[in-house]
Structure formats: C-alpha cells, structure tokens
Ligand SMILES: Nc1ncnc2c1ncn2[C@@H]1O[C@H](COP(=O)(O)OP(=O)(O)OP(=O)(O)O)[C@@H](O)[C@H]1O
Ligand SMILES: O=P(O)(O)OC[C@H]1O[C@](O)(CO)[C@@H](O)[C@@H]1O
Ligand SMILES: [Mg+2]
C-alpha cells in the first residue's frame with residue numbers, strides 16, 4: 001500500500017491532532033504517502049486534501065481541536081455525496097483511509113465500504129466515550145478533567161451561598177462524562193441516560209442530604225438524560241423541594257477544547273500508530289481500540305451496533321460516596 005488518507009470527523013476531541021501526527025509519522029515510516037483530508041466527509045466530497053509529510057505534523061501533538069478541521073456532513077448521508085467522495089479518492093489514487101471520529105463517522109465508513117472497495121480503519125475520537133470496542137475514546141479524559149475543574153469552582157460559590165447547582169455536561173446519548181465528573185468532583189448525584197432516576201427519586205435524595213445538614217449540593221446532568229435539560233430539571237425540583245436557592249450551569253463546548261491530558265496524548269498516539277499497523281497487517285473496516293490495556297481491532301459493524309455499558313459498580317459507588 002502506497003497512498004493513504006487521514007481525516008477527522010464529527011465533533012472535535014482533544015487528542016485528534018496527536019492521532020493525526022501518529023498516523024502520518026508511522027505511515028511515513030512504512031514508506032506510504034499520506035493525504036490529509038480537511039473537514040471530514042465534506043472535504044472528501046469536495047476534493048479538499050493535501051499531502052502531509054513528517055514535518056507537517058510537528059508541534060501539533062499538544063494542541064486541542066483538529067488541524068484538519070472537522071464537519072458533520074449531510075451530503076455524505078446521500079448516495080450522490082458518497083459517489084463524489086469515492087471519485088476524490090480515485091482521482092488521488094488513495095488506497096485506504098484512516099477515519100478519526102465517533103459512532104456516526106464509523107456508520108458512514110461502514111455504509112461507504114459496503115458500496116466501494118476501499119479499506120477503512122477507524123480511530124475512536126469523541127469526548128462521549130460511547131464506542132464499543134475500546135475502553136477509552138480520544139478526548140474523553142480531557143473533557144472529564146475540564147468538567148471537574150469547572151465543578152470545583154462551582155462548589156466554592158455553591159458552598160458560600162448554600163445553593164443547589166445543576167451542572168449540565170455533554171454526552172448526547174451516554175453518561176460516561178457525567179458519571180466520571182460526578183465521582184471526580186464529589187457531586188451529590190448524576191442524572192444519566194443509562195439509569196432511570198426520576199425527579200421524585202432525586203428530590204428524596206436531596207431531602208435526605210438536607211436532613212443530614214448538607215447545606216449546598218451539586219447535581220451533574222448528562223445532556224442525554226431522561227428528565228430534560230438542566231434548567232427543566234431545576235424547575236421541576238424547585239416545585240417539589242424549595243429548601244435550596246437553585247442555580248444552573250451549562251459547561252457546554254468548553255469540554256471539547258483545550259490541550260489534551262497526558263492520558264489522551266498517549267492514547268491518541270497509540271491508536272493512530274496502530275491504525276497504520278492494522279492497515280499494514282491487512283485489517284480493513286475495523287476500529288482500533290484499547291481493551292484492558294491492549295490494542296484490539298473491532299469490526300465497524302460491532303463498534304456501531306453494540307453498546308458499551310457503564311460500569312454498574314461505578315454507579316453504585318457514586319451513590320454511596322455521595323451520601
Ligand atoms: N448513516 C450514515 N450514512 C452515511 N454517513 C453517515 C451516517 N451516519 C453518520 N454519517 C456521517 O458521519 C458524520 C459524523 O457523524 P456524527 O456527526 O454523528 O459524529 P460522530 O462521528 O459520532 O462524532 P461525535 O459523536 O463525537 O460528534 C456525519 O456528519 C455524517 O456525515
Ligand atoms: O458541537 P455540536 O455539533 O453542537 O455537537 C454537540 C455534541 O457533540 C458532542 O460533544 C460529541 O458527540 C456531544 O457530547 C454533544 O451532544
Ligand atoms: Mg457520536
């Protein structure tokens with residue numbers, strides 16, 4: 001294999017640049033030419049790509065965001081868009097692609113590789129950590145660290161004013177960020193999509209805290225939880241229990257930016273490096289993951305259809321430690 005392409009797609013995640021660097025450097029080691037496609041599938045459709053050499057990916061490992069830019073592409077969802085993307089790859093004699101993104105990106109790759117015979121290897125890059133076939137995704141650790149730092153600050157002011165704060169964190173369909181933020185910041189509770197905590201349950205829990213002289217409280221709300229957004233939940237709780245002065249903070253896209261943590265830098269480097277190793281060994285249409293500390297290749301079909309379950313022990317522990 002002589003010419004490959006790499007691109008980032010979906011939401012950006014801290015560590016994507018480290019993964020791009022690892023792909024380019026290892027592919028160069030194997031005497032391959034690498035093309036960087038800008039703006040994910042959008043750039044693939046538009047022919048927006050250029051050759052990347054070793055020096056082109058210097059000084060990016062520590063930077064957040066993605067130097068290749070990213071996009072959510074409506075056009076790639078159509079057969080016409082995917083045909084244009086294929087024509088771009090043909091025109092540049094690209095023999096394989098390395099896709100850095102989340103479940104949507106690999107769903108797109110799966111559809112594309114059923115239509116066209118070009119091998120793809122996936123690198124899990126999403127702050128949501130919602131991919132089966134890897135214990136961690138690129139950007140998750142940095143996002144959790146950012147959220148915890150924010151909650152530490154909220155605690156100071158919540159404590160000073162005896163207030164109840166609802167802090168909303170990202171996680172479209174998954175509670176990994178919320179649960180880990182709650183544990184790491186010592187929050188009273190986490191409302192996550194994977195559990196069935198109702199407003200009544202939460203109110204009972206907060207009442208118990210108040211009886212135990214808890215003068216302030218922080219509740220972490222995953223955006224994908226079943227009770228609504230943080231403001232809606234705050235309003236419902238206030239109606240049933242108005243002991244605390246209640247405030248809402250949405251951390252939002254702060255969680256997607258910033259320099260990657262050490263863990264994310266090493267993870268991204270390993271996954272990017274082994275994506276190229278996978279291609280060299282003849283793997284195709286698989287996602288490179290890290291399972292129990294070891295590199296594992298999981299077919300796209302499994303990575304996107306199987307769901308990664310939350311560790312129930314962590315859920316139980318979070319509840320007990322918060323009491
Ligand atoms: N069924 C599909 N068919 C074709 N392309 C798809 C499909 N699903 C997703 N894609 C492509 O993958 C892109 C990225 O997906 P998505 O926006 O869901 O982000 P993601 O990769 O899941 O990352 P993140 O969740 O971190 O934002 C989509 O914008 C679209 O171009
Ligand atoms: O930046 P956008 O396109 O609004 O996407 C936000 C979504 O992307 C993610 O950050 C990553 O999937 C989700 O947690 C969040 O719901
Ligand atoms: Mg996703």
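A Cβ is built for glycine as well, from the same backbone N, Cα and C atoms used for every other residue.
The ATP site recorded in TrEMBL comprises 72, 73, 102, 103, 104, 105 together with one of 11, 15, 171, namely 11. Just one of 75, 82, 155 is listed by TrEMBL for the same ADP site as 21, 22, 23, 24, 25, 212, 214, 215, 216, and that one is 155. Comparing the Cα of residue 128 (substrate binding site) with the Cα of every entry in 11, 72, 215, these being the binding-site residues, the smallest distance points to 11.
Residue 11 (ATP binding site): 23 other CB atoms within 10 A of its CB, across all protein chains.
Listed in sequence order, the binding-site residues near residue 102 (ATP binding site) (C-alpha within 10 Å of its C-alpha) are 126, out of 23, 126, 170, 215, 247. A Cβ distance below 6 Å to any atom of ligand 3 is met by none of the binding-site residues 11, 25, 170, 212, 215, 247. Within the set of binding-site residues 11, 21, 105, 128, 11, 128 have a CB atom less than 6 Å from some atom of ligand 2.
Every protein chain shown contributes to the tally, and the Cβ of residue 215 (ADP binding site) ends up with 13 other Cβ atoms within 10 Å.
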